[in-house]
Amino acid sequence: MEVKSNYGSTKNSLENDNILTRMQTELKLIVFRVFFLILKDEEQSIAIQIFLQVISFFQYLTFIFHRQLYVVWKNQKVSYQLYKFFGYFMLTPYFEMLNFSSFASMMYALIGIIFMSIMILLLIGYSNVIKINSSYTWPIYILKLIFILFTTILYLPILDLFFQILNCHYDDKDQLKNVVFNNTCWQGSHVIHGVVAILGIVLFVVITMTFNLLYFEPKYNHKDQLSKTSGRAKTFKFFYFLILEISFVLIDLDQFDYVAIYIILIGAFVTFYKLHIEQPFNHVAMQKISSVYAALMLWSALLICFSHYLEDIIFHGTIYAWLIGLPLIAFATSKKEKYLYDLLLMNINKTEDPNQIILLTNYIQKLLSRYQTNQHFHIMLDALIEVHKNTCQKEDCVFRIKKQLNQRLVKLKDENISHRDYQIHLLLGEIYQGYIRRHQNNVRLRINYAFYLLDFLKQKQQALNEFNQIELLSPSLDNEFIIFRYKRIIEDEMNITQNETISGNLDVATELTFQNNMRQFQNKIERATLMHMDFWSQLQEDQPDLGKMNEIGSKINLAIIQVEELWNKMQKMTQNLPKAMRLYAKFIIEVLQDKDFGEELLEKSKILQAQNNKMKNKQTIQVFSSDDINFEPLPTLLVSTSSDKFAQISNLNLSVCNLFGYHKTELINRKINLLIPQVYAKFHDNYMEMFMQSNDQQKLMKERLVYIKLKSGYILPCYLYMKVLQSFDDNILIAAQFRTLRTFKAGCYLILDSDEVIESISSSCICNLFVDQKMISHRKIYFHELFPNYNRNDYLNKTGCVISFNLQSNIVSNSNYLQYYINDLEDQTQILFQIQITEISNEHQDQVMGYVIKLEKVSNEQSQILSPDVQQQLVVPNTHMSNFQFKYFPSKALYIGENQEEGNSARVDQTVIWEQSSRLSEETQAEKKEKVEDVKVEKINYAEGIRTLKLFDNRIQDIEDIRMSFSESDEVQHSSVFQKNSDNPDEIENRKALNSTINDQQRPQVIVYLSWAINILMITVLTLSFTSYFLGLFLFENVQNSLNLINYVSLRNQECSQIVMNVQNLEMLRIGIWNMTESEAIAYEKEQRTELNSSIFSLTDANKKIMLDDLYINEEIEELHSKSVVNVRISKTSFSNYDLIEATQQIISKALLVRDKPLQNLTLDDEDATFITYNLQNGIVFQFRNETNQYSYGIKNLSIQNVEIFFIFMIVSACSFFILLIILVMFIFQINQIQEQILQLFMEIPEKTVKYLYNKSENFISNLQVGEEEEVSSDLSDEEQDEHKELSRTLKSKRKKKIFKNTNSFHRSQIIIITFILVVFQGYFLLNYFLNQVTYNNLKQQIPELNVTARCSSFYRFVDNCERQLFLNPNEPILLENAYQVVMDNIQQNYDIDSDLHQEHAKNSEIQNSNYYDTFQSIFMLNPCDTFVQYGYTTIEYCESFANGSIQQGMAVAIARYFENVRYIMTIYDMFNGHPEVNFSVAARGWGRFRNITNDSDNVTNYIYNLNNFKQTSESRIMQNVFIKAAFRYLLDEFLTALKYDIEVTQTQLLAVFIVFEVLIFFVYFIVWLPAQMKMTRDIWRTKGLIMMIPLRVIQKIKTIKDFIGILVHSQDK
């Protein structure tokens, strides 16, 4: 039966010095608790294990056949196929066909799974694991499944995927590229991916290593798949895989493949040693699977090394040998059984290595468990026995003695275990004990010994104590978990089944633990009482500090919880602990003010004490080892049974010295026969030997009456109790404890030999028979000489017989002692004695060795000496520890003494302080009590009869009556408080029900609301963060698509201008403008048609991309693409409207017709050619320019809108956080207010009542420290009644209103922390906003430059085309205006556009991407020829020599030259146009030669046609077609790349911030909030629990406290 207190909970509290230690310990406990639950699950089937190991081995072979190592086999046809096959068991090959983004997405998905597993682990760890009775709950099952997959078939794939993110090497261009995806490494987003991959590797390795290290069963069980010596072998295997992954990433395998091969070989060898040679698994099938796995790993490593060095040199076909060897190695390894002969033949006595002993004991257990199925194991066990017999040097070895060493082992012996197996188990214990003495700090050895105690000896408590001792040795993580797990298993088993009854015996380990617990129990009670005194002292201050009171109250709760836990722990050990129960009851009554429960415990302790008093054969020896004997208050000694010190005293306490009169050194190593009368000493050794053979401990432990011989030679009757102890060296010690008899009658004892010669006498014979030891030692004195009427047969074994003592005998009359007692004898000639004779017989020889005679004087005065109270006490037998009490009778000159019993609590709880103090005799106590009562009676009450009167209600009344009336009215008025709030009207009288209300252990409502607020906060933060991040990605993607559209539009415009140029060139070729030969003309025509065809396809592709893009930019672009806004001329007289996409498609269709049309048909009036030239220089070109501008404007507007979106996010998050902050602050203040309200209830207690409670605690601690103990009684003493009256009187005293203060700043700290966290959360959105704002503002500022750059190439081509169109057909309008005027305006716009380009570039120089800035400088200011050559636009010689080397001076010079050439041609055109009389040669100035192209006399037309052959015209045409086109296309691509790179950098920054923010959210919720929530809940519980410090009578009298409790009852009912 377990009695539980009404205070606090049983949850452990963790108090550490600093937060880091506390977090580390708490995290370790969480992991241990979760793995404890995981290990409760059943193991998997062997088939599944084989499948997982096969897949894992195939994954390992990906290292052997790595993409850069399979060539080592020098048979690429086979090795490549194996590389592809084994690659299917990994994740990376499946993503090689995809892009890097998909690969990165998979990595983040795996990171999410890892974080999910951590989250589940923390949730399980923080939850109330006591309620999780089954390991099949879904969180534990999911977590276990994830961990098993992580440590089997997913370990290498996940690890390889993470490392492939980091697998980068320098290429031929000295650029760091990813080996798999050829992406640039450590730039842009890859930085974040790399950092996340490193984080994922660390977390994943820590999780998997921890699981491998802890997930196993350490006890030997050949049927359990998880049973193995440790998890370190498997952990090393996974560490080896990690090293392989690191080395394959860091090492350049093309050059240093041998280094990787060496690493593979060394790791495989060590893994083979740990998995196969050491054989860590106890399960046969699992060990074979692991051995096969390790053997195949080593075989593969050896063969790849062999192939690297010897293939094609000495041998051929190594890879085929590897394939053939796989099944053979697997079969041989699985069939071979490893026999450790050397281990069994080892001389245990000479071995000093504890690891060898651990291997030996494990192997012996393996042999014991499997010898029935393996005859070889049976023979090895027999050999072990023979080896041990021959090598054991001790005489009491297990196999060298026939007697049993411990009777308890016989009881525990399993009937199914053979005698040989039983002895081998005893041998294991002998080995453990022998080596633990020499290697006490070896953790693993002691853990195995604890398992031995638990499984074989069935000593749960001793095993638990052993685990507690091991825990002090700073064990490693895996051993620490073993200790944690089995301590909890043992404690749970002990809680479920208590093996001891009230009269049961405790083993040595349990007694030691109980003794230590008893000391701690008293210390903790003392500490809790001092805290109560501190609390009541603080409440007595003029300005009580509520914060300090709350702090003290929290410590009081913790102290009470510790007392209760220790009390429950002691109860689980034994229910027989009356003194501890009495101490606890007094503590509850005096300090905790729970009178009902305390009296219940007192009553129970009284019953237990009465039961203990009735037990005659109850164990009283508290000695557990030789060192503990000095703590024993009764005379106690230890007798050795070893062969070399048989029957010798090995140790004793000072009480033995006082009893026998010897010095300690006189008895050590002396035979016990020294202290035994000679009659007994003759056969005592034989008696001990017979006991050692029979080992009948039950007979030994019976208390018996013996006679001891003192140093003076006198004998003394004593009660003897003996107990068998097991020494540390496996020898048996017999503890003997003596308890002297109570003597209330004058009497003496004599021992006669078989001839009835007096051999020994007691010292009382001097005053009764007037004979001393010298007299019987000098001569033989027969008993009948003193008693002439003695006849043995008349008195033998009879009681009540009277014999006469002859005073006239020679012996008596010559005694010197007679004169001292002659006055008392009143001249009598004889003295009557009651005689009792007992035979002394040797049981084993059936021989009477002598007689014991007990004489008691017959006297009437004896009955008058003893008071009735003493006589009544003599009736109660006492078999427990005692202190000698005596009374001196002067008339008789006689000391009558007794050993007064002190009821032992549980045979070991004498460690209570007052047990060490002496007790007064009962008579003295009664006298003292009478004196105290007399003093109380005689005390004069000077206030008697004096009354204080007061005019009240128009009459004079006694002031006490007035107070009583008010008190009664208050009681009447508020008596129904509990009745209103509860259905039980008597609840106010029931403190147990009140305790259930106060300590209901339910989460307070405010904590529930606070949790909802925090959950809403986290959901809000997660929603806003995910929405803002992914919306940002979407917006950036839109911007990048918009930039791509600008590129497509620019490309379309350029290709349209190119088509116009090609059409014009073909028309000029037909007219004959070009001065070419026939072959040159054919080649030129082919070249132009090829260029036209290429432009058509490029235009078609660009138009298709523009058409298929569904990105919304603005309404104008939508209108251009969907409405017929482009006026297209179909013929000279007809027009039609199309949208821009359709118009472009019309151009493409006409260009296809022109491409296939014969040259002679391409006249200036050709409808198809005219359609192209007219529309692309009039209606369509307007919309082209409009669309380009609209895209630029749209991106600007999109940037502004996106910034506004993130600004809205920032405002919404700020408002949300501010509102949540207010709500959270309100809840925190409410929590603080609840605690403060509870503490204010104590202010309502009258000051005198507080002082009274303080005094009660002070008196209790004083009595505890001085060791005073009251009698166990459930009745109220007079003193308690006076205290009851005093308490009632204090409650009627005037209550002084106190001003309190509250220095508790915890809630302020909480508010600061929450505010800081919310500021950090808001900081994320601020940072998100500013990063986006900067990026979009920079983009918006660079859009004009981008627009100009996109337009330049097509515009410059357009100017040249317009000029040539003017030469061909000056009557055709351009831009719906006069062609000449438009051409002149275009020439001026050339300068304007170029100026705008350089101005915009100068504006953006500070914000522009450095790469593009360098590109711009290299194109315009430096020599761009290298760039043109690199991209295949021209050759270096042509570039540097073209236009007198103007290109190599930079495109700024080249473009200026181009402008001048165009302007110069127009100047010549002005000279020729309308002036046929002009001299061509003079006007041409040598830049051209005149040809009559029209073959007529129209000089103006011929002059103008010949302008196309001017050097400036040809140079401009080539510069435009080659260099300007190449320069601006390259610039535009680089510009867009730079802008996209800036966006990617921002995305990378946002991704990094997002990941850090999500990890922060995870940390805040699981690491900060969940522990804080539990702490606040416990704080409220503890503060509420302080109410239980107030006595129930006080609660009933104070209205405020009653109302508050009524509210609690009402809320609990709801």
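Any Cβ shown, glycine's included, is placed from N, Cα and C.
Positions annotated as domain 'PAS' by TrEMBL: 644-695. Taken from TrEMBL, the feature transmembrane segment covers 46-66, 107-126, 138-158, 191-215, 236-253, 259-277, 289-309, 1006-1036, 1205-1229, 1311-1331, 1550-1572.
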Chain residues in Cβ proximity to the transmembrane segment (107-126) (below 8 Å; excluding those fewer than six residues from its ends, i.e. six or more beyond):
29-31, 33-34, 37, 132, 139-140, 142-143, 146-147, 150, 158, 161-162, 165, 193, 196-197, 199-200, 203-204, 207, 1562, 1566-1567, 1570-1571, 1574
What parts of the chain pack near the transmembrane segment (236-253), using Cβ distances under 8 Å and only residues at least 6 beyond its ends?
60, 63, 66, 68-69, 151, 155-156, 159-160, 163, 166-167, 169, 205, 208-209, 212, 259-260, 263-264, 267-268, 270-271, 274-275
What else in the chain is close to the transmembrane segment (46-66), if you only count residues 6 or more beyond its ends and a Cβ gap under 8 Å?
73, 79, 82-83, 86-87, 89-90, 152-153, 155-157, 160, 225, 241, 244, 248, 253, 260, 264, 285-286, 289-290, 293, 296-297, 300-301, 304
Can you name the far-off residues of the same chain, 6+ from the ends of the transmembrane segment (1311-1331), with a Cβ under 8 Å from a Cβ of it?
1021, 1024-1025, 1028-1029, 1032, 1203, 1206-1207, 1209-1210, 1213-1214, 1217, 1220-1221, 1224-1225, 1228, 1546, 1549-1550, 1553, 1557, 1560, 1564, 1568
What residues elsewhere in the chain lie close to the transmembrane segment (1006-1036), defined as a C-beta under 8 angstroms and at least 6 residues from its ends?
1198, 1202, 1205-1206, 1209, 1212-1213, 1216-1217, 1220, 1223-1224, 1227-1228, 1230-1231, 1234, 1321, 1324-1325, 1328, 1332, 1543, 1546-1547, 1550-1551, 1554, 1557-1558, 1561, 1565, 1569, 1573, 1576-1577, 1580
Residues of the domain 'PAS' (644-695) by DSSP state, where helix covers H, G and I:
32 helix, 6 strand, 14 coil
